[in-house]
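Here is the structure we will look at, set down as structure tokens.
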Amino acid sequence: MIAIGFEGSANKLGIGIIEHNTESGVVNILANIRHTHVTPPGTGFLPRDTAVHHREHIIPVVKEALKTSNVQIKDIDVICYTKGPGMGAPLVSVAVVARTLALLWNKPIVGVNHCIGHIEMGREITKADNPVVLYVSGGNTQVIAYSEHRYRIFGETLDIAVGNCLDRFARILNLSNDPSPGYNIEQHAKKGKKFIELPYTVKGMDVSFSGILSNIETIKNEQSCSPEDLCFSLQETVFAMLVEITERAMAHIGSKEVLIVGGVGCNLRLQEMMAQMVEQRDGKVFATDERFCIDNGIMIAHAGLLAYRTGFITPLERSTCTQRFRTDEVYVAWRDAN
């Protein structure tokens with residue numbers, strides 16, 4: 001069975017084509033094409049401008065994905081798109097194309113939860129069995145574990161996501177958005193020597209990042225700190241918070257595996273800190289590279305095809321988008337109960 005996936009919940013436009021061999025269980029990635037809306041240093045990406053970017057590039061990206069995969073339209077079994085969560089205008093711009101192609105090609109359509117896409121792609125690539133999942137991106141920060149056909153949220157951010165914290169900090173320092181603010185913060189942090197104490201806000205299983213952002217902006221304006229030291233201090237603080245709540249979840253459910261997904265999961269320092277904690281618990285960390293950590297269409301195709309194989313389709317009149325779509329709202333029919 002073959003699915004094409006459409007992702008456009010933020011500034012990454014992704015089209016992926018995947019094949020599931022239903023007899024052998026083998027999954028083949030046939031195409032994973034992405035185009036990013038990059039804004040000037042010191043600025044973020046606005047929903048309206050991002051939607052314009054997606055509309056301008058989506059047809060060429062679809063054509064490139066079909067060419068790369070060497071798949072004919074008649075071979076595609078289902079069209080999958082990101083239903084949410086995400087930014088409204090970009091989500092809609094991509095969903096309209098997915099819906100139109102479903103009508104033109106006479107294909108069923110499946111709306112996919114963005115987070116479920118990250119988790120299932122991470123599980124497929126790493127072969128992690130039943131891990132505690134740390135989902136960290138520009139719009140989401142959650143600690144998740146699976147139970148009884150749901151991905152249960154054990155802890156999350158109380159305000160802004162960790163990726164949003166990093167993005168906004170990059171704007172304060174006027175760092176480049178190419179290839180991403182988080183990547184450029186990571187490179188600056190490698191040169192940092194001095195640790196500056198920042199607010200460390202963990203409340204039970206939840207975290208808060210907005211106070212750190214306010215505090216570090218004040219420090220930048222009032223103290224003579226190098227950008228490298230600020231990047232180093234910010235990373236060490238926010239990643240330590242994430243490691244702490246992940247360890248609590250591991251202890252609670254008795255898991256020895258951690259899977260890191262989402263765009264911030266590409267950060268090697270986060271992976272290193274998590275590995276140090278997990279090794280002390282005789283466990284193992286699983287993570288993917290930027291092909292799958294960063295938003296992509298292949299994860300939407302994969303999660304959508306998993307759902308489609310259980311008999312799930314999204315009726316055309318319900319093929320809408322929602323900016324708020326929690327991970328635990330999705331019934332995970334393709335996994336065993338425990």
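In case you wondered, yes, glycine gets a Cβ from its N, Cα and C as well.
Unlike curated records, TrEMBL annotations are generated automatically.
Quantities reported herein were computed from a predicted structural model and do not represent experimental measurements.
Per TrEMBL, these features apply:
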type: DOMAIN; residues: 29-301; note: domain 'Gcp-like'
type: BINDING; residues: His114, His118, Tyr135, Asp295; note: divalent metal cation binding site
type: BINDING; residues: Tyr135, Val136, Ser137, Gly138, Gly139, Asp167, Gly182, Glu186, Asn267; note: substrate binding site
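Recorded features from TrEMBL, shown on the structure.
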residue: His114; record: divalent metal cation binding site; Cβ neighbours (10 Å): 26
residue: His118; record: divalent metal cation binding site; Cβ neighbours (10 Å): 32
residue: Tyr135; record: divalent metal cation binding site; Cβ neighbours (10 Å): 26
residue: Ser137; record: substrate binding site; Cβ neighbours (10 Å): 25
residue: Gly139; record: substrate binding site; Cβ neighbours (10 Å): 20
residue: Gly182; record: substrate binding site; Cβ neighbours (10 Å): 27
residue: Asn267; record: substrate binding site; Cβ neighbours (10 Å): 24
residue: Asp295; record: divalent metal cation binding site; Cβ neighbours (10 Å): 27
Query: Taking all residues of the domain 'Gcp-like' (29-301) together, what is their mean pLDDT?
result: 96
Field: Whole-number Å value for how far Gly182 (substrate binding site) lies from His114 (divalent metal cation binding site) (Cα to Cα)
entry: 20
Field: Check: same-chain CB within 8 A of divalent metal cation site center, minus His114, His118, Tyr135, Asp295
entry: Ser9, Cys115, Gly117, Ile119, Ser137, Asn140, Val261, Gly262, Gly263, Met299
Statement: The rounded CA-CA distance in Å from Asn267 (substrate binding site) to Tyr135 (divalent metal cation binding site) is 13
Task: Round to a whole number and give the Cα-to-Cα distance in Å for the pair Ser137 (substrate binding site) and Asp295 (divalent metal cation binding site).
output: 9
Statement: For Gly182 (substrate binding site) and Tyr135 (divalent metal cation binding site), the CA-to-CA distance in whole Å is 15
- request: Return the maximum Cα to Cα distance in Å (whole number) over the record's substrate-binding residues: Tyr135, Val136, Ser137, Gly138, Gly139, Asp167, Gly182, Glu186, Asn267.
  value: 19
Task: Whole-number Å only: compute the distance from the Cα of Gly139 (substrate binding site) to the Cα of His118 (divalent metal cation binding site).
output: 13
